[in-house]
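Enquirer: According to TrEMBL, the record shows the following:
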COMPBIAS  649-658  compositional bias 'Basic residues'
COMPBIAS  719-732  compositional bias 'Basic residues'
DOMAIN    782-848  domain 'SAM'
REGION    634-658  region 'Disordered'
REGION    694-773  region 'Disordered'
REPEAT    10-110  repeat 'MBT'
REPEAT    118-221  repeat 'MBT'
REPEAT    231-337  repeat 'MBT'
REPEAT    345-442  repeat 'MBT'
Amino acid sequence: MDCVEEEVDFNWEEYLEETGATAAPHTSFRHVELSLQSSFQPGMKLEVANKGSLDTYWVATIITTCGQLLLLRYCGYGDDRKADFWCDVMTAGLHPVGWCAQNNKMLQPPKAIKEKNSDWTEFLIKELTGSRTAPANLLEGPLRGKNTVDLIVVGCILEVRDAFEPNVYWAARVQSNIGGRLCLSYVGLNDPAYDMWMFYLDTRLRPLGWAKENNLSIKPPTDLCDLRSTSEWTEALDEATAKALKSPLPLEVFKDHADLHTHSFRAGMKLEMVSPKEPFHICPVSVTKVYNEYYFQITVDDPTAEATPTCVVCHADSPGIQPVQWCLKNGVGLERPQGFESQDFHWADYLKHTGTEAAPDVCFPNASQNRGFCKDMWLEAVNPLQPSELCVARITQVKGRLLWLRLEGLTKPLPDCIVDVESMNIFPVGWCEANGCPLTHLLKTVCLPQKKIAVVQPEKQLVPSQPPDAPLNLCSSIAMDTGLVNGKYSCSQLFINHRCFSGPYLNKGRIAELPKAVGPGKCAVVLKEILTMLINSAYKPGRVLRELQMVEDPQWNCQEETLKAKYKGKSYRSNMRIVRTADQVSEFCRRVCERLQCCLNLFGPTIVSDKCPENCFSQTKTKYTYYKKRKVGRPSLGENAQDGDMTKPARRRKKRKAIFVQKKRRTSIVGYQTTESPQDSDYYYDDEEEDFEEWGSEVSSSSPREETSAHSFKDVPRRGRPPRRAALQRRATHPEPETSDRSSPRRTTRSVSYSQNQTAKNTHTKTESFEEEDRLVLERNPLEWSVSEVVDFITSTDCASLAKIFQEQDIDGQALLLLTLPTVQECMDLKLGPAIKLCHQIERVKVAFYSQFAN
């Protein structure tokens, strides 16, 4: 095999599924969790219009936030939650405290509490004294409703603490903001070579003017000050400061910055630390200077005279510092100091030799914290040698609060880099994609197979070249052992009879392009090859995949094979049991043809020359009625039920296996259309995509989700396309009676026998048959729903497991109608799949609201 590395499109979901790998939990990345929070904080005060009288306003308190949604409570209600209400900061009339006075608007308490207090002016003075008001720039203007991270725009000015002097700061300009990860350039330096990357929560970052307020020095960076003259530095700072003060960075950006804790280190103490220059090993270091109770300086031990000291400013919570003997206790190698005479390094001898002491354990309060990271978890991490680059990374080991990461996809591999669990240079899976950041990912190894040796039957010789319609010998596409094809597990050729009826799922034109025969070879290999051809010849390969899953018999001797299909940029795969022995091949082929509703001789061991024994040549798909006594799956379009053929009630089918779809799907139901296609009157599917999960299994009449909920969320069948306006009006004004629904469970339109019986009873003419989806009819305006009613509704859907979230976040009907996919993902911490599922249910309520209650 010749193997080469090839760069391919990388998809985290697909990679984790294929390899069975695990992503590090999102909750382990505290800095990312904080970056997703709202700029508004519970307890903030603002002015909002009264519900009953929109020309009057009253002060309200923010109870909780959910993205750009705020839960408010009018001041005066105390702890009473009954009047709490949700509003969208982007659409509601919210104003900072004092806005009414400035704009001559009336402040008046709501009618419900107007009599509770005799002097509301005095009440407001007490209520607002010492309270925090919502910033005006978050309620009005271009920053309105933005999250904390989004408040930092390109061109903003911050102050950055010097890397070598903790009491020195200098201004830096934001060049880019990627999800809170900032590219900064020092004011006065326009060379990108000196740009630096920091997460906005880094303790080195402060708002403009912070150093002056705290009596700290404002000087150019110590290691760069010689690049410009003093006057050039000062001029650049004055110019940048003047511009920044016109549109200052909101202080809310720094609300989540961690407060520094006091340390207990003293000069001369020894400890262990991840190397500041090359974070691939741990080395002995010394405390060489103590600045104050917050900062101290650490220097890497290097006794050689010509060595340049490697120093770094640290604080009590600095990542990567560990007590003496930490490496020994955790089985990790400790880098011997450069110039150290002895080959074997022992801390006891080293401390005695240098006359120093080890830093006590009390200096390291959080030495064992790991935040839920485990070995072999995957994440995204910054390349320590190229800070602008983020790579796919795997955790190779976890020791205490340190992680060893193997960065993938690098042109020049690096040793495992060591990071702290609190590092702001690691991110959860999918972070780069969500923030539009390039990700250096794995290179896929592709092996080029060697030429296969053809396998021929004894009486036949392989000709050098074959015409296009010649039989396909599997050895040209599938690796097989050289030798004769015989025995119990081998079969002869299987023929594809192009002229036979191809059924509703397969494209006649594509079938005609297939080889006339496949094989000989091992049964499972030959059948897998021919099934793959049929799948790729389908109008909807995913649908055929699902139908093939239903072909099985407990008496068959089978082996499980994975079948794959691609359609419109999406990939599908499923597992199917394929027979292994030659005596079962014929029956297996027949069952597959039955399942696909095509001629039983379309493929199999029988070759059809001029006339098919099933007489299927003259039939079109709307007239092909081979299955007169037993229907398989859904009945064909326009198919008439046979007179007197009243089928028995269908038994509940076995739940179908899930088909993994590698790309998110838009929820829609596929309808059939009776128009004939150019390829021999083949059907085509009208909708663009299939909802494979909606068709995943037949729902029995005893399913609890079929029953009407306590609040009468009644389901009315809907056709594959949206109903016409007249139909909407009829449903809104004349809803179906509930009595029958409450007295007996309903069978869905996915029941085969139900469809056949209805056809037999109602019509004997050609009619279109569409897959039907439930449509909601509401008895009450959802705007008036209470929290408990919303919870009841969610419980009645297939998102019942999420009902607790709605209860905890006090989401009533108004808030429900405001929810969108981004809001649901952010505020409920849901993955994309469950979020889309929930939004589908919310969308049903919205559609019902607009059709029934909106003017």
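Using the three backbone atoms N, Cα and C, a Cβ is placed for every residue, glycine included.
Model, not experiment: these values are computed from the prediction.
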Enquirer: As a quick check of your reading of DSSP, tell me how many residues in the repeat 'MBT' (10-110) are helical, how many are strand and how many are coil.
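Expert: Counting residues by DSSP class gives 21 helix, 32 strand, 48 coil.
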Enquirer: Which value does the mean pLDDT take for the domain 'SAM' (782-848) in this predicted structure?
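Expert: Taking every residue in the domain 'SAM' (782-848) and averaging pLDDT yields 87.
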Enquirer: What are the DSSP helix/strand/coil residue counts across the repeat 'MBT' (231-337)?
Expert: 23 helix, 29 strand, 55 coil
Enquirer: When secondary structure is assigned with DSSP, how many helix, strand and coil residues does the domain 'SAM' (782-848) contain?
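Expert: Summed by class, the stretch gives 52 helix, 0 strand, 15 coil.
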Enquirer: Quick check on the repeat 'MBT' (345-442): DSSP residue counts for helix, strand, coil, in that order please.
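Expert: For the repeat 'MBT' (345-442), the helix, strand and coil counts are 15 helix, 36 strand, 47 coil.
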Enquirer: Can you count helix, strand and coil residues in the repeat 'MBT' (118-221) using DSSP?
Expert: 23 helix, 32 strand, 49 coil
